[in-house]
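Novice: Below are the structure tokens for one structure; questions will follow.
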Amino acid sequence: MNIVILAAGMGKRMNSALPKVLHPVAGQPMLSHVLDTARTLSPSRLVVVVGHGAELVRKAVGADDVAFAEQAQQLGTGHAVMQALPLLDDSQPTLVLYGDVPLTSVDTLKGLVQAAGAERLGVLTVEMPDPTGYGRIVRDAAGNIVRIVEQKDASEDVRAIREINTGIIVCPTAHLRQWLATLRNDNSQGEYYLTDTIERAVNDGVEVVSAQPAALWETLGVNSKVQLAEIERIHQRNIAQRLLEAGVTLLDPARIDVRGELTCGRDVTIDVGCVFEGRVHLEDGVSVGAHCVVRNTTIGAGARIQPFCHFEDAKVGPDGRIGPYARLRPGTELGQDVHIGNFVEIKNSQIADHSKANHLAYVGDATVGQRVNIGAGTITCNYDGVNKHRTVLEDDVFIGSDTQLVAPVTVRRGATIGAGTTLTKEAPADKLTLSRAKQMTLDAWQRPVKQPKK
């Protein structure tokens, strides 16, 4: 099968410099959603017709399996498909999709392709309560489709029809090539309509059949930011529905955003306002508090994530206790039963089982052993202005509050670092190491007194 995706439109009503098909739904361009769906049909030729912002579109979705055709002037959908003809295989049917209609399901497209077979022209249609703005499906007395009439060219009788054309069609490519060559632009828009091929098919004795999607929202397109927001909510609602059906507890299904792939084990609970980006996996019994942002992260079984945490490219071990207001940056790997508390930032560090940094700390480029306690205000001073250096804290180390660990530095097994220490050399095992200025009391000192204003 050939698949052609039309993605040349400017999208004036979007009021944006970004090509319309690159506006995101669930964190990825609308066009990427359409391409992902198209790929599940295993097409032999996959062609994207670009126009406005062509280079941006090529850069965003270019891949080895995608060919591009350019529509320099946007002269209608029929004209757009004409640009793809040199790239198509006449021995196989062609399916036409739209880069700004991102939610059409694979099952719906398979149903349309199956209905059309190898010799018929298939049209995806829906009935709408208010069909204003859409091309109407005109049938004869026997119920056969005879033509599609666009809204601006329709009579009052035709405008009363509620069955509309979604624009998605499939037909034999050799016929399509012949029909497109005969299109005229003598209509109110001055464009070459792809829908006019239906009347050509009828005249040539090619049967025209229709199929319908499982839900109306599958065929909704995006022409404005309002419609983009509506599509986003529909998509997120569908994701939430699938999560609920899989056994995930969502404290408010209307307040979750998945911008990638979220997989969950059993008995997972997600509070309101959470955002999941990229590939995220939550193992059995995980609880995620309100308003967390989690990107490309695995969270181990039984972990409890408190509200307002941010994770990116991280791994949380089983039974972890994280947050609130904790940040795990790329390269963070936490072992079992690790506690990371409020206003703690971890970056490119490995922290082994049962270790804790409960509040107000920065741990960067560090290797932390088991049962380590990192006191409040501890900082790994990992950057010298040019290079990053590592800090090593071996098992059973205790770091007192307000300690600066100036990397590269190692604290040996069982060592204790006194509060307020600036550590610049290795601390030996099982000993107390500290550095601090001599404490003094000045008996003759007087606090300055602020003079009253005159």
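Each residue, glycine too, has its Cβ placed from N, Cα and C.
What you are looking at is a predicted structure, and each value in this text was computed from that prediction instead of being measured.
According to Swiss-Prot:
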type	residues	note
ACT_SITE	His359	active site, proton acceptor
BINDING	6-9, Lys20, Gln71, 76-77, 98-100, Gly135, Glu150, Asn165, Asn223, Arg329, Lys347, Tyr362, Asn373	UDP-N-acetyl-alpha-D-glucosamine binding site
BINDING	Asp100, Asn223	Mg(2+) binding site
BINDING	Ala376, Asn382, Tyr383, Ser401, Ala419, Arg436	acetyl-CoA binding site
REGION	1-225	region 'Pyrophosphorylase'
REGION	226-246	region 'Linker'
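Surface or core, plus neighbours and distances: that's what I need for these features.
Specialist: Taking a C-beta cut-off of under 8 angstroms and a sequence separation of 6 or more, His359 (active site, proton acceptor) has the following same-chain neighbours: Gly341, Asn342, Phe343, Val344, Ala376.
There are 24 other CB atoms within 10 A of the CB of Asp100 (Mg(2+) binding site), with all protein chains counted.
DSSP gives Asp100 (Mg(2+) binding site) a coil state; it is part of no helix or strand.
The local packing around Asn382 (acetyl-CoA binding site), expressed as other Cβ atoms within 10 Å of its Cβ over all shown chains, amounts to 23.
Only residues 6 or more beyond the boundaries of the region 'Linker' (226-246), in the same chain, are considered here, and those with a CB under 8 A from a CB of the stretch are 14, 23, 25-26, 30, 102-103, 217, 220, 253-254, 256-258, 262, 264, 270.
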Novice: Rounded to a whole angstrom, what is the C-alpha distance between Glu150 (UDP-N-acetyl-alpha-D-glucosamine binding site) and Ser401 (acetyl-CoA binding site)?
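Specialist: With distance taken Cα to Cα, Ser401 (acetyl-CoA binding site) is 73 Å from Glu150 (UDP-N-acetyl-alpha-D-glucosamine binding site).
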Novice: So how far apart do the acetyl-CoA binders Ala376, Asn382, Tyr383, Ser401, Ala419, Arg436 get, largest Cα to Cα in Å?
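Specialist: Answer in Å: the longest Cα-Cα distance is 23.
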Novice: By a 10 A CB contact count over all chains shown, which of the binding-site residues listed here is most packed: Gly9, Gly76, Gly99?
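Specialist: The most densely surrounded of these binding-site residues is Gly99.
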Novice: Please list, in sequence order, the residues in the chain of Asn373 (UDP-N-acetyl-alpha-D-glucosamine binding site) that are at least six apart in sequence and whose C-beta is under 8 Å away from its C-beta.
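Specialist: Ser355, Lys356, Val397, Phe398, Ile399 - these are the non-local Cβ neighbours of Asn373 (UDP-N-acetyl-alpha-D-glucosamine binding site), listed in sequence order.
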Novice: Out of the binding-site residues listed (Asp100, Tyr383, Ser401, Ala419), which are within 10 Å of Gly9 (UDP-N-acetyl-alpha-D-glucosamine binding site), Cα to Cα?
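Specialist: Passing the 10 Å Cα cut: Asp100.
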